[in-house]
Amino acid sequence: MELASARLLRGQIPWRGLLLTASLLTYWSPLTTAQVTVDAVPPNVVEEKSVLLLAHNLPQEFQVFYWYKGTTLNPDSEIARYIRSDNMSKTGPAYSGRETIYSNGSLFFQNVNKTDERAYTLSVFDQQFNPIQTSVQFRVYPALQKPNVTGNNSNPMEGEPFVSLMCEPYTNNTSYLWSRNGESLSEGDRVTFSEGNRTLTLLNVRRTDKGYYECEARNPATFNRSDPFNLDVIYGPDAPVISPPDIYLHQGSNLNLSCHADSNPPAQYFWLINEKLQTSSQELFISNITTNNSGTYACFVNNTVTGLSRTTVKNITVFEPVTQPSIQITNTTVKELGSVTLTCFSKDTGVSVRWLFNSQSLQLTDRMTLSQDNSTLRIDPIKREDAGDYQCEISNPVSFRISHPIKLDVIPDPTQGNSGLSEGAIAGIVIGSVAGVALIAALAYFLYSRKTGGGSDHRDLTEHKPSTSSHNLGPSDDSPNKVDDVSYSVLNFNAQQSKRPTSASSSPTETVYSVVKKK
């Protein structure tokens with residue numbers, strides 16, 4: 001038996017990676033006294049493949065080492081030995097011609113089979129011929145055939161109770177994994193596995209179960225994957241959807257409708273206008289439409305496999321553009337508290353009416369009433385704030401027009417006063433009222449003081465002519481009859497107040513009389 005290092009130079013070893021590892025270790029003997037161990041690389045081997053029993057930590061100065069089948073060291077179980085002093089190897093009775101021994105203590109197996117699955121023992125004698133033994137074992141697994149997926153129904157219909165897929169062939173000591181569209185499947189509410197995961201069952205079939213299913217067979221040494229299995233779930237059609245959603249169109253525009261319904265296989269499409277078949281396509285196009293094209297448009301879809309059909313109906317109305325309306329008014333100049341009626345006239349039918357005041361949408365008050373169709377506006381009673389420009393707007397779903405403005409003038413009623421006072425006017429009224437009250441109080445105090453202080457004050461009071469008028473009742477002090485005089489003063493106050501509705505008898509002037517008696 002030749003050394004593996006010599007055979008490697010002639011390129012006769014097929015498993016290049018393992019041989020390179022063993023060869024490198026031949027020239028790299030660790031300077032250590034660690035325990036001798038052996039690893040199987042790989043520990044799980046596919047039949048007819050190779051395995052390397054890789055030795056570690058051989059003594060630097062060993063004499064000889066042996067490889068045996070099993071754990072008993074009898075001569076019949078010897079595979080090979082290596083004698084360091086002679087730098088040569090020698091085969092034993094258990095040698096099969098598939099083994100290669102290396103000077104670093106490793107053993108290489110080619111074309112392993114299930115019978116090779118056992119323990120192997122390395123026995124090393126150090127420089128003093130002390131024996132050192134260690135064992136290793138590897139497992140051999142069959143090569144896996146490419147699996148194949150079969151199903152009880154490759155075209156199930158949505159809603160069917162179940163569909164089953166099977167991964168074949170069956171192999172001992174093999175696990176099976178499933179995926180759909182490249183994503184792993186796990187057991188759930190509608191997904192069950194049986195027969196060691198070889199059978200996949202989908203319950204209550206749904207359209208989402210549609211896709212490509214793969215089965216993977218795997219053992220500790222290798223794996224293999226099936227070709228995709230196409231599960232094509234039949235369903236539909238769903239209720240068709242017509243787009244765009246518009247149902248009102250302008251006369252002269254183009255009508256372009258499309259219909260879509262989710263269905264497998266794809267549904268057949270038919271268009272009906274006012275229940276008459278028009279075309280058997282997914283789209284409907286009519287150019288330069290008129291009001292005669294108004295009506296019901298139906299999309300009918302049919303699935304020839306499921307035998308199901310669905311219909312969606314759309315009512316479409318074609319409108320002409322509206323013309324400009326006009327306003328008729330009973331009177332453009334109205335007295336306050338009177339009434340006025342405005343009427344919006346249009347040649348168009350089926351239109352909506354909206355009123356504008358000073359170019360803004362009219363805010364209705366409790367004095368305003370509209371007719372049922374909004375075409376007539378009545379204001380009663382009218383007030384000065386109702387004066388302004390009035391317009392009416394008519395519209396249909398595709399157009400609108402606004403009338404020319406009508407100006408309404410309101411003649412104020414003088415009895416109604418000025419309904420709107422500025423802040424300055426209000427402040428003036430308040431100040432005037434307060435000043436009047438203060439003046440009255442001062443005068444009353446003055447007269448009271450004069451009365452309690454003596455008659456000499458009478459002359460002083462009557463001397464203030466700009467603000468009072470003085471009158472003397474009875475004879476003067478020079479009169480022989482000596483009749484007591486009665487003096488009185490008249491104060492007139494006239495305060496400006498806001499113009500508010502008052503009765504005709506009300507007077508803006510108030511007179512205050514003060515009487516002073518002389519004792």
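Glycine residues also receive a Cβ, built from the backbone N, Cα and C atoms like all the rest.
According to Swiss-Prot, the cysteine that forms a disulfide bond with CYS344, out of CYS299, CYS392, is CYS392.
Per Swiss-Prot, the annotated N-linked glycosylation site among residues ASN172, ASN302 corresponds to ASN302. Out of CYS215, CYS299, the record in Swiss-Prot bonds CYS259 through a disulfide to CYS299. In this view, ASN331 (N-linked glycosylation site) is surrounded by 12 other Cβ atoms within 10 Å of its Cβ, with every protein chain counted. Of all the glycosylation sites listed (ASN104, ASN152, ASN224, ASN256, ASN302), ASN104 sits in the most crowded Cβ setting, with the most other Cβ atoms within 10 Å. Assigned with DSSP, the residues of the domain 'Ig-like V-type' (42-140) fall into helix, strand and coil as follows: 6 helix, 47 strand, 46 coil. Following the DSSP three-state reduction, the secondary structure of ASN331 (N-linked glycosylation site) is coil. In terms of local Cβ density within 10 Å, ASN148 ranks first among the glycosylation sites ASN87, ASN148, ASN288. Here the candidates are the glycosylation sites ASN104, ASN148, ASN224, ASN374, and by Cα distance the one nearest ASN331 (N-linked glycosylation site) turns out to be ASN374. Proximity of ASN173 (N-linked glycosylation site) to non-local residues of its own chain (separation of 6 or more, Cβ distance below 8 Å) is seen for TYR141, ASN219, given in sequence order.
Here the candidates are the glycosylation sites ASN148, ASN256, ASN288, ASN302, and by Cα distance the one nearest ASN374 (N-linked glycosylation site) turns out to be ASN288.
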